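Asker: Checked TrEMBL, it gives:
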DOMAIN    116-196  domain 'Beta-ketoacyl-[acyl-carrier-protein] synthase III N-terminal'
ACT_SITE  CYS122  active site
DOMAIN    250-337  domain 'Beta-ketoacyl-[acyl-carrier-protein] synthase III C-terminal'
ACT_SITE  HIS264  active site
REGION    265-269  region 'ACP-binding'
ACT_SITE  ASN294  active site
Amino acid sequence: MTGAPTAGRTPGPAAVLCGLGGWLPPKVVTNEELVARLDTSDEWIRTRTGIRQRHVIEPGMSTGSLAVEAGARALKSAQQDSVGAVVLATTTPDRPCPATAPEVAARLGLAGVPAFDIGAVCAGFVYALATGAGLIATGTADDVLVIGADAYSTLLDPEDRTTGPIFGDGAGAVVLRRGEPDEPGALGGFDLGTDGHLSDLIEVPAGGSRQRGSGVPAGPRDHYFAMQGKQVFRHAVLRMTGSVHKAVGRAGWTVAGIDRLAAHQANSRILDALTDQLELPRERALSNIDRVGNTAAASVPLLLADSVNEGSLRAGHSVVLTSFGGGLAWGSTTLRWPQLDAV
Ligand code: COA
């Protein structure tokens, strides 16, 4: 047998991160506003999740419009006005059909390039990064705009206090370009995995072919997002811990040598448990969850943009990106942070 790539090693040229942008819709919903309509309290939400507020879209906006804003900022940060492909991670597409990415690409002046959606729920951005790196490695594109955008506010049951406080809307994006593996910004190998035996832990039961094909109409709450929080919490810590170890090993790094952990922002207690499991000082974990909540596929790139803007993530830092979500799906990768401006 010839030509089998070594597990975890990216064959061919490296994908180098060279642009970054994030965008949040202007409307903020504070915990106090949720308390007015749900049986909850600011104290419960802050102490159990670490969230103080979240941003939500307003009428006339959608996942696509969030993606366009973040994508434009990433292109500006990369000082580029074109790329060879657009990959959009989302599970709240503008419509069930077609994919949202082609319209996003067209609105960014990129009509003509390959553009498609990736669905891996909250792990989606790392999957989209791996896909973008693959497009570069195969010579399909020299540079790729990778966007994570979600509007979970459109999926939430207005009467469910267990999901309402957690999610927010937003988008983040990066530009990847062809480069050398030892350059700052070059992505290391990826660790990606799923466990579909546990797909019911996070779901929107209705709207897909299973429900439509059954001929049985959806129940009144079946179009809403549902999750089994406690089990999801446990798996999030377990899977991200294992995935960080694998990604770090593939990079030839040690966990102790991680300067910044950019983990999916699901719950501040998940972040604390993850850093404890990794035996990393908690201050090495980047965090913006208090201001944005869980923004699903947007979480990791928004976190990167916020952290660069506030100065907690700087050129030269060894960074691990890790994410986890419905599927179950998880993924991680590594990079030495490059010199760049977020916008
Ligand atoms: N306000 C007040 N009380 C609430 C509440 C809210 N918003 N939500 C749940 N509760 C109550 C429960 O009803 C329960 O009450 P009981 O003890 O009387 O039965 C109590 O708080 C504890 O509930 P529990 O579900 O055990 O809380 P928890 O500590 O596990 O926190 C989550 C709940 C959802 C915050 C937590 O499980 C979590 O963050 N899970 C992961 C979610 C996630 O990341 N999802 C996306 C994956 S990417």
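Quick reminder: no glycine exception, Cβ is built from N, Cα and C everywhere.
On a predicted model such as this, the values are computed, not experimentally measured, just so you know.
Let's see these features in context: how buried, what's close, how far.
Answerer: Counting residues per DSSP class in helix, strand and coil order gives 21 helix, 29 strand, 31 coil for the domain 'Beta-ketoacyl-[acyl-carrier-protein] synthase III N-terminal' (116-196).
Cβ environment of CYS122 (active site): HIS264, ALA266, ASN294, ALA296, ALA297, SER299, SER323, PHE324, GLY325, GLY326 lie under 8 Å away, each six or more residues apart in the same chain.
Across the domain 'Beta-ketoacyl-[acyl-carrier-protein] synthase III C-terminal' (250-337), the model assigns an average pLDDT of 97.
In the shown protein chains, 30 other C-beta atoms lie within 10 A of the C-beta of HIS264 (active site).
Counting residues per DSSP class in helix, strand and coil order gives 2 helix, 0 strand, 3 coil for the region 'ACP-binding' (265-269).
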Asker: Could you count the residues of the domain 'Beta-ketoacyl-[acyl-carrier-protein] synthase III C-terminal' (250-337) that DSSP puts in helix, in strand and in coil?
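Answerer: Looking at the domain 'Beta-ketoacyl-[acyl-carrier-protein] synthase III C-terminal' (250-337) with DSSP, the answer is 38 helix, 22 strand, 28 coil.
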